[in-house]
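Participant: I am attaching a structure below and will ask some questions about it afterwards.
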Amino acid sequence: MRIVVDANVPAAETCFGPLGEVVRVSGREIDADTVRDADALVVRSITRVDEALVAGSRLRFVGTCTIGTDHVDQAALAARDIGFASAPGCNAEAVVDYVLTSLATLAERQGFSLLERTVGIVGVGNVGGRLRARLEAMGIACLACDPPRAEAEGDDGFHELDALIDACDVLCLHTPLVRDGRHATRHLLDARRIAELAPGTVVLNAGRGDCLDGQALRSRLSGQGDITALLDVWEHEPGIDAALCDLAAIATPHIAGHSRDGKLRGTHAIYQALTQRFGLPARLTLADLSPAPPLASLTLDGGLSLEEALRLCMRAVYDVRRDHDALHRESRRQGMAVGFDDCRANYPLRREFSTLAVELRPAAEALAAPLAAAGFRVAQVD
Ligand SMILES: NC(=O)C1=CN([C@@H]2O[C@H](COP(=O)(O)OP(=O)(O)OC[C@H]3O[C@@H](n4cnc5c(N)ncnc54)[C@H](O)[C@@H]3O)[C@@H](O)[C@H]2O)C=CC1
Ligand SMILES: O=C(O)C(=O)[C@H](O)COP(=O)(O)O
């Protein structure tokens, strides 16, 4: 069996090597020629998988090691009886880590307390749902907007997007890109809604770039300049709007989900789906792929405020300023599109909050509940 795999899929040789010949190709270079003689194709989010790509191939399976599936024409695959799998939820915890560390960084920079803010979550699926759970456990008020869920489950606990715009200090977008239909998300945050955001509002987009009208956001930021944007996803990646990138308080190259843990979960989910499709045994477990974290534990004594302790633990695992600085540095050095992709291809090791055990001495015991709520493993020590 010949398996073409995006060069940015970790552990591909370990997982797919025992099943066949693994051919590594850069995600943006995978084309009809590359997959012509392939039996299986394993991608991430940057390869457009459509009829033109698969028409001349003998593919029997396509897997994307990502949550998002907007880059895959699933109908075209089904019409050719090509099996398909994605990896729902694989990097949801990483995105939540990203949101928390971004908001904590902004709170420090702008001098507000995150614990006193109201956060609106748009799209309350694997990512948004976990974000809500962590924020609420930390005592932070949340409002949820998810019309498809409200329709299926009843309105209770769900609000209209315009109500979130009226009531929230922070608006987090975690919607998939849905181009058509009643719940389409393209430009969900459009020019009208961007104009209606109250001064001081923070907008964070870690869903898909097209869910937000980037031009309208740029005009508001460069004109009134009275709101704050934290952006991980962009229209026209990798050749994103350099002016918007400069105006965003945190600008990162679509890496919110790029923890090692999340990527390995994605690879492993597709390994399982591929073996099932070809009737092969799946011998590898996720634990076989996961390395020990470089920082396994730290110990806190008294003397830190809750927000200081949260920031310290978050940054010990993941500091979003590193990714913001890298995007600015590499886009200046190599040009936007090349720099953007370079940051993603050479992404440094990042683990999830849950890999860190925070040991608390008695004087720090009041930090136990909020640190656990934020996602760390907490233990009391003498
Ligand atoms: N920045 C990054 O690195 C990453 C981005 N993503 C993006 O985040 C998206 C969400 O991920 P998950 O939560 O795991 O997906 P999910 O499928 O579990 O949840 C998506 C939620 O959005 C809701 N939704 C759909 N249309 C909506 C609308 N018009 N308004 C409000 N809510 C709507 C759905 O009902 C669903 O509950 C993915 O589709 C992907 O595009 C995912 C992982 C990493
Ligand atoms: O899972 C998703 O959906 C994402 O957006 C991925 O985290 C993006 O991963 P790459 O395609 O950038 O490797």
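Using the three backbone atoms N, Cα and C, a Cβ is placed for every residue, glycine included.
OK, TrEMBL features for this one:
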ACT_SITE  R208  active site
ACT_SITE  E237  active site
ACT_SITE  H254  active site, proton donor
BINDING   S45, T66  substrate binding site
BINDING   D146, T175, D232, G257  NAD(+) binding site
DOMAIN    108-256  domain 'D-isomer specific 2-hydroxyacid dehydrogenase NAD-binding'
DOMAIN    291-368  domain 'Erythronate-4-phosphate dehydrogenase dimerisation'
Participant: Can you tell me the mean pLDDT for the domain 'D-isomer specific 2-hydroxyacid dehydrogenase NAD-binding' (108-256)?
Facilitator: 98
Participant: Near ligand 1, meaning Cβ under 6 Å from any of its atoms: which of the recorded positions S45, D146, D232, E237, G257 fit that description?
Facilitator: D146, D232, G257
Participant: Counting each residue once, how many in the domain 'D-isomer specific 2-hydroxyacid dehydrogenase NAD-binding' (108-256) are helix, strand and coil under DSSP?
Facilitator: 56 helix, 27 strand, 66 coil
Participant: Just the number: how many Å between the Cα atoms of R208 (active site) and T66 (substrate binding site)?
Facilitator: 13
Participant: Which one is it: of the binding-site residues S45, T66, T175, which Cβ has the fewest other Cβ atoms within 10 Å in this structure?
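Facilitator: The binding-site residues S45, T66, T175 were compared, and S45 has the fewest Cβ atoms within 10 Å.
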Participant: Pull the DSSP breakdown for the domain 'Erythronate-4-phosphate dehydrogenase dimerisation' (291-368) and write it out as helix, strand, coil residue counts.
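Facilitator: Summed by class, the stretch gives 47 helix, 8 strand, 23 coil.
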Participant: Taking only the residues the record lists as binding NAD(+), namely D146, T175, D232, G257, what is the largest Cα to Cα distance between any two of them, in Å to the nearest whole number?
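Facilitator: Binding-site diameter by Cα atoms for NAD(+): 21 Å.
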Participant: Report, in whole Å, the straight Cα-to-Cα distance of S45 (substrate binding site) from D232 (NAD(+) binding site).
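Facilitator: Rounded to the nearest whole number, the Cα-Cα distance is 14 Å.
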Participant: Counting other CB atoms within 10 A of each CB, which of the recorded positions D146, D232, E237 comes out lowest?
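Facilitator: Checked D146, D232, E237; of these recorded positions, fewest Cβ neighbours within 10 Å: E237.
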Participant: Within 10 Å of the Cβ of R208 (active site), how many other Cβ atoms are there?
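Facilitator: Taking every protein chain into account, the count is 26.
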Participant: Can you give me the Cα-Cα distance between S45 (substrate binding site) and G257 (NAD(+) binding site) in Å, rounded to a whole number?
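Facilitator: So the Cα of G257 (NAD(+) binding site) lies 11 Å away from that of S45 (substrate binding site).
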Participant: Quick one: which of the recorded positions (T66, D146, R208, E237, H254, G257) have their CB closer than 6 Å to ligand 2?
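Facilitator: Close enough to ligand 2 are T66, H254, G257.
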